[in-house]
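**Q** Mind having a look at this structure? Questions to follow.
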Amino acid sequence: MNLVLMGLPGAGKGTQAAKIIEDYAIPHISTGDMFRAAIKDQTPLGQEAKSYMDKGELVPDEVTIGIVRERLAKEDCANGFLLDGFPRTVKQADALEVLLADLNKQIDHVVHIGVNPEKLVPRLTGRRICPTCGATYHVIYNPPKVEGVCDIDGSALVQREDDQEETVRRRLEVNVAQAQPLIDFYAEKGYLRNLDGDRPINEVYSDVQALLGGQ
């Protein structure tokens, strides 16, 4: 079973991915993990990706796609995979189709977890970090015992600049604009499966299970 998982930041992709890989025994493959592994293994493509990342530049599509190809060719993907964070563009999606055909594979489902962006703002702005130990909290979903204070070491919690409302809203706008052409692409291909993410985690996952069945 070969899956692509799509959704805005904060839509709950990570939570659903964790359940899918446990229940269906397929590897969770994220772009970040692929880059880190290729760099750690010092593969030629990994070293090329690192040269761009060290300069703060975006890794070109051809390098990213090469790393994806290497990862999907590994033995643990023989019975399927869950791609998360790739593809991000129609160009990447086209390239993914080609490389999967080369590997005698094809996408079974593109699972899109749809969430109202306005509902994501409090999720994404509520995160607080301990600058000392790195512990993560959320003012609504995972608050510390004492407001604004780390449970572990008593440090004052901080909000990352990335989590401030103006930045979050801007990031969501960009993500919505980038995602729509990809959603349209997979809808035309017949792969797209839209799930309502504005519900409790277990309700969303029940829909995932109904979709995937005993595959």
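The chain as shown is numbered from 1 upward.
Cβ coordinates come from backbone N, Cα and C, glycine included.
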**Q** Given that Swiss-Prot lists GLY10, ALA11, GLY12, LYS13, GLY14, THR15, ARG127, THR136, TYR137 as binding ATP, which residue among ARG193, ARG199 does it place in the same site?
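**A** Of ARG193, ARG199, ARG199 joins GLY10, ALA11, GLY12, LYS13, GLY14, THR15, ARG127, THR136, TYR137 in the ATP site that Swiss-Prot records.
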**Q** Tell me the Cα distance separating ASP153 (Zn(2+) binding site) from TYR137 (ATP binding site), rounded to the nearest angstrom.
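**A** Per the Cα atoms, TYR137 (ATP binding site) and ASP153 (Zn(2+) binding site) stand 13 Å apart.
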**Q** In Å, how large is the greatest distance between any two Cα atoms among GLY10, ALA11, GLY12, LYS13, GLY14, THR15, ARG127, THR136, TYR137, ARG199, the listed binders of ATP?
**A** 23
**Q** Rounded to the nearest angstrom, how far is the Cα of CYS150 (Zn(2+) binding site) from the Cα of THR31 (AMP binding site)?
**A** 31
**Q** Non-local Cβ contacts of ARG88 (AMP binding site) (under 8 Å, 6 or more apart, same chain)?
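**A** Expected: GLN178, LEU182.
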